[in-house]
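Chemist: Take a look at this one; I'll ask things after.
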Amino acid sequence: MGQSKKLNKQPRSLSPLVLLSGISKSFDGKEVISQLDLTINNGEFLTLLGPSGCGKTTVLRLIAGLETVDAGHIMLDNQDITHVPAENRYVNTVFQSYALFPHMTVFENVAFGLRMQKTPAAEIAPRVTDALRMVQLEEFAQRKPHQLSGGQQQRVAIARAVVNKPRLLLLDESLSALDYKLRKQMQNELKALQRKLGITFVFVTHDQEEALTMSDRIVVMRNGVIEQDGTPREIYEEPKNLFVAGFIGEINRFDATVIERLDEQRVRASVEGRECNIYVNFAVELGQKLNVLLRPEDLRVEEINDDNHIEGLIGYVRERNYKGMTLESVVELENGKMVMVSEFFNEDDPDFDHSLDQKMAISWVESWEVVLADEEHK
């Protein structure tokens with residue numbers, strides 16, 4: 001988002017494991033994936049993120065071999081697997097429902113895949129024990145699924161998937177059935193397990209916080225196409241368009257109009273009716289409409305108690321929400337636009353707990369803003 005928040009974009013020297021090239025897929029005449037290209041690297045935790053119906057689960061099912069492509073190719077470890085049956089792909093999937101066999105013990109559930117592959121009997125017990133030890137369920141080996149918590153069942157499903165030593169593990173919304181506290185715990189455990197195993201994980205979710213917490217890389221999808229592909233920080237701090245900006249966390253969008261270019265980096269603009277300097281790294285014209293994007297935590301607010309010269313936008317506190325570590329305020333600008341501001345709680349600041357209807361000045365550190373061309377006026 002600019003100078004002091006500039007991201008370190010060293011090239012990632014990872015080797016590709018999966019290549020999707022020109023993938024298209026339709027159901028009942030409706031195209032759900034359109035000419036999609038995606039590289040998944042060895043050993044990374046990649047998340048496919050997007051709203052319901054964006055095509056993320058279809059991509060997962062195409063990689064797994066549970067659906068067939070209409071066009072394009074899928075490569076795994078330099079082998080074309082586009083038409084290889086699912087059972088021969090060295091890819092395992094953990095579904096939202098876990099689908100454990102209720103009549104089998106935990107041990108038997110994990111061993112099932114090995115027996116189906118006709119693994120020598122002498123290998124089965126040590127491999128199952130190793131897999132259960134990895135997910136910290138060794139002592140639960142003789143229990144039935146109904147005797148386990150939701151989080152434990154989820155770990156059994158993962159152990160069953162990794163015991164076959166897949167090159168790739170696919171997880172389809174596999175934490176969504178858990179309660180909030182257990183989800184948070186499982187996010188940390190899943191990421192730690194992925195690091196320990198060194199297996200490539202591809203995780204599908206619509207939960208932005210989950211994606212930011214767990215991923216090495218996030219692929220944001222909408223209507224069957226990739227909107228942005230980057231690290232969690234890149235996606236959060238440097239969104240490429242308004243959809244990504246609005247989908248990942250809270251963000252304020254300000255309307256701006258170019259007044260003049262000041263230098264190579266900065267433009268003088270009218271932002272919601274107030275003149276400000278903004279950082280714009282693309283060519284603009286006089287009078288051009290822009291979008292200025294700022295996260296609530298990137299805004300600074302100051303109470304106005306006199307008529308001294310005021311920098312920034314002017315508004316009035318309309319709502320306050322105490323969130324423990326932060327105080328979130330809704331400020332109404334003079335033109336009626338509502339702005340969200342998030343401040344870290346500071347009980348030693350006498351002006352911190354703002355009164356309703358208090359007049360405020362809103363500003364930000366120059367260059368922390370993201371500026372995008374107005375998509376409606378290109």
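All residue numbers here begin at 1 and follow the chain in the order shown.
Every residue, even glycine, has its Cβ placed from backbone N, Cα and C.
Heads up, here are the entries from Swiss-Prot:
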BINDING   Gly50, Pro51, Ser52, Gly53, Cys54, Gly55, Lys56, Thr57  ATP binding site
DOMAIN    18-248  domain 'ABC transporter'
Chemist: Which residues of the same chain, at least 6 positions away in sequence, have a Cβ lying under 8 Å from the Cβ of Gly53 (ATP binding site)?
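Modeler: Looking at Cβ-Cβ distances below 8 Å from Gly53 (ATP binding site), excluding near sequence neighbours, one finds Val32.
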Chemist: Compute the average pLDDT of the predicted model within the domain 'ABC transporter' (18-248).
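Modeler: Looking only at the domain 'ABC transporter' (18-248), pLDDT averages out to 91.
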Chemist: Name them in sequence order: residues not among Gly50, Pro51, Ser52, Gly53, Cys54, Gly55, Lys56, Thr57 whose Cβ is within 8 Å of the mean position of the Cβ atoms defining the ATP site.
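Modeler: Here the non-site neighbours turn out to be His206, Met221, Arg222.
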Chemist: Please determine which of the binding-site residues listed here (Ser52, Thr57) has the lowest count of neighbouring CB atoms within 10 Å.
Modeler: Ser52
Chemist: Just name the most isolated of the binding-site residues Gly50, Pro51, Gly55, going by other Cβ atoms within 10 Å of its Cβ.
Modeler: Pro51
Chemist: What count of other C-beta atoms do you get within 10 angstroms of the C-beta of Lys56 (ATP binding site), across all chains shown?
Modeler: 27
